[in-house]
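Below is one structure; the comments refer to it alone.
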């Protein structure tokens, strides 16, 4: 297979990934592959572009490094072109409502007829099967959070609240990435393709597992946090200092002993309620939990963030200032690791945003291209799989493909 023009880099160089999906979840999987060196083809509808394009800045991050193909993959010759593309594809990711592709005639079996080694990842809100009530419903971030038990655990004691920005989309997209790579590993061993059914609500069910286990195995459900503090453990969560907010985790025998001395609670150490060797203070079960919070709040409020960070570093207590977005760029850790970077858009502008993660030492990722325009690479991709100029123009004339103007 001849690859499309692009630099060779990263741990996934030589891999061809194709995705069909809009907005965030499915495309985030494609974004990860593209930043790790895979050749990633983004399929968009011919009649209208991905709705993410209406956003002024985010698409320049989420669609960088991609090749843009505008093709009607469900109709006539457009479907034929899509299936021909699948013959040279390693991983295909589609994000839609339930078994939408199967309903339109593109089943796993049809895809495997064209490529027996193809890894297929289906990403939907409620999965490829189940009840009629749910399987075919649309889903976005908040829907998946609400249906999974994740949302009800977040927020404040007075009201649940979804986690933003778009947590379920990103977790689901990353799940698609890792699952597809796991499947590809097996395919290269057996020569037999794989189909993966990723339900966003099940991803979030798993992400919300920590507190749920107490309910599933005893009927006890953890309360929601209060003002950003850990619902179970004192000294853990969000706290206010004299000049702003920090988060901290009061965990460890020595850490608790030294902190208690600072906040005036040394006399509680070694009591039946806080015996020697205590590593965590339970907010509810320990009768001194509320007092610990009261004393800690007072001590923190009397000190600046810088003072708290210095003292906690001496005590080996984990803490961090709650940074505002403007503070990120100048933070020395961000600067040292180049966590924020710049790249050129296709129209020559400079765009700034998060850098590639994680950092591969021997085969690093790379930003080699900005977001392509609608249909920008259609002709190049179709030529790559054997279509002539006349073939491409015929698809365009029938409204089955769009090429860049």
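Using N, Cα and C of the backbone, Cβ positions are placed for all residues, glycine too.
For the recorded site, residue 97 (CoA binding site), the DSSP three-state label reads coil. As annotated by Swiss-Prot, CoA binding site applies to 97, 104.
Sequence-distant contacts (6 or more apart, same chain, Cβ under 8 Å) of residue 169 (active site, nucleophile) comprise 23, 24, 25, 28, 140, 141, 200. Look at Swiss-Prot and you will find 169 tagged as active site, nucleophile, backed by sequence analysis.
For the recorded site, residue 104 (CoA binding site), the DSSP three-state label reads coil.
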